Amino acid sequence: MLKSDRTFFLRPQDMIGIAILAILLVVVLPLTLDNFRLQFVGKYLTYAFVALGLVLCWGYAGILSLGQGVFFGLGGYCMAMFLKLESSSVEATKIQTTPGIPDFMDWNQITALPLMWQPFNSLTLTIIAVILVPALFAFIVGFAMFKRRVGGVYFAIITQALAAIMTILIIGQQGYTGGINGITDLRTLNGWDIRTDSAKTILYFVCVALLIACILIAYFVKSSKLGRILVAMRDKEDRVRFSGYDVANFKVFVFCLAASLSAIGGAMFTLQVGFMSPSFVGIVPSIEMVIYAAVGGRLSILGAIYGTLLVNWAKTSFSESFPELWLFGLGGLFIAVVLIFPNGLAGLWQTYIAPRLGPLFGGASARRASPPAATPPAAPSSGTAAPAAAE
Amino acid sequence: MNTAVIADTMNKDFVLAVEGLTVSFDGFKAVNDLSFYVDENEIRVIIGPNGAGKTTVLDLICGRTRATTGSIRFKERELTKMKEHEIVRAGVGRKFQNPSIYEDLTVFENLEISYPKGRSVPGALTFRRDRAVKERVQEVAETIFLADQLDQRAEYLSHGQKQWLEIGMLLIQDPELLMLDEPVAGMSVSERKKTAELLNTIIKNRSVIVIEHDMKFVEDIAHKVTVLHQGKILSEGSMAKVQADPKVIEVYLGH
């Protein structure tokens, strides 16, 4: 009957795409990269969570947030607070004036653990906080703005201001947040040393598993009626409103979802890299994260993942050889995306490569309902695999 | 006569009762102390020169613009205090002047979004495309001559088809009061004829307010015509009566 008539939320070409990404991340990269490089990929993947949220929020719903670093940071800080408390046991900190509290608090003449730190003694509460604290914050911001119909460029500017405010707040409240240094010297997770190579490899796989889970969530949302409402809203907001929907609620929802996804990435960042600092919260990282999604293709869930990996790989290799040139490169890349390939790598894949592989991808090239989203695996993946060959 | 009209209005259950409606934008009164009543199953056409406030009246009824003073009652509910989506859910549907459809979605998906179910966030996440939905979409698509285009992306439709699609999106909501802003504007002669036919099938069991410039079309469908001029009612009544009104002739021809 209808082509749009499907019962399962993944189309065959989506499953192939996810499978290829999974094989790349679980088999190909771990086998071809040394531990040191694999840890880099693990770090990049934590940004991919943010890019994933941006695809839903920006690509589908048309809400450009230039402050996703705030949510990445909130997730990261929640996790860091737990790890810090664990590494600040009374014996480990017995040289302090007040043993048993994080070192930076002691340096700032704080003599008891602040109330806001208390819940982070528990891992369960921490995991809940990683997901809920950013969502709650996004809810407050989103509710206040979307109910008042603040949108478009104004919303982008306000989120950017939030990123700046959050950085200033974290740096200013040194006694509670560790200030500009962030929260460092994290050692164990429930007694398990996260600094060893084997722990880092395990964390890499945990990160990949979580990312795949989040990708599935994104596909589920995208293929539900809610996903189509987001696209409809981006196009004709008034028509959706006058079809009986409270548009603001849908925007708040997708903004909160993007915040939670970013926060999971932030928490995984803290675990893999071993610290969290305000430099991952501010304006610059927030905009970089938007570029990841733009390069990969803001309408493509998988494209954004590849975009993140590629841009970060380029950043690492570039800044190893020409550190001062990287920012120009990044700026140029962004301009190129906007001017030449507005739908990013996924768009290129779809226009030039997918039609030639048509039969292979279950008719991905055939015209299909919702936005030009059917997604692209192999093209960018060969690019990501390139560093392996290059090393 | 005035008292007779008021007495008359008190005794009847109008679907829509607009009374003393005024809206001013920076002192300019786009709609000025406007009152009119729409009966059950009535087709009311609003005509008037450009800038008469026709579209503003529809905007006020559907909540897009807030009234400065006055009241709009729809089935005994005060619309001026309700939010747009609540007004829609109460049974008021609005078609915009330019075809307002979702270009990136298929015809099926366009209609499905207007299907009055799963309108909350959790409802939309768990919405299932069940038989009732498919049958209703199919039925409406046939009415609006788009049954063969269900899988087509809406951006590839012709202008006339886009207008029909939006009418279909309203139809699927099954509103008790349907408001159409220039439904045949920009249509070819044959599309216009088909649209008149379409409107005649969909007006059953509902009240309709239409804004239209095409007098031939107005004559074909109107039960009653309201002529607006500078935010006020200039004349109201049957098409013949309105056309014979010297004030109307002056406004239309005097310019």
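A Cβ is built for glycine as well, from the same backbone N, Cα and C atoms used for every other residue.
Model, not experiment: these values are computed from the prediction.
Lifted from TrEMBL, the feature list:
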type	residues	note
TRANSMEM	A:15-33	transmembrane segment
TRANSMEM	A:45-67	transmembrane segment
TRANSMEM	A:123-146	transmembrane segment
TRANSMEM	A:153-172	transmembrane segment
TRANSMEM	A:202-221	transmembrane segment
TRANSMEM	A:242-269	transmembrane segment
TRANSMEM	A:289-313	transmembrane segment
TRANSMEM	A:325-349	transmembrane segment
REGION	A:367-391	region 'Disordered'
COMPBIAS	A:380-391	compositional bias 'Low complexity'
Contact between the transmembrane segment (A:242-269) and the transmembrane segment (A:325-349) (at least 3 Cβ pairs under 8 Å, separation 6+): no
Per Cβ pairs under 8 Å, the stretch of A:15-33, A:45-67, A:153-172, A:289-313, A:325-349 packing most closely against the transmembrane segment (A:202-221): A:45-67
Stretch among A:123-146, A:153-172, A:289-313 sharing the most Cβ pairs under 8 Å with the transmembrane segment (A:45-67): A:289-313
Residue numbers, six or more beyond the limits of the transmembrane segment (A:123-146), whose CB comes under 8 Å of its CB atoms: 70-71, 74-75, 78-79, 81-82, 155, 158-159, 162, 189-190, 247-248, 251-252, 255-260, 262-264, 266-267
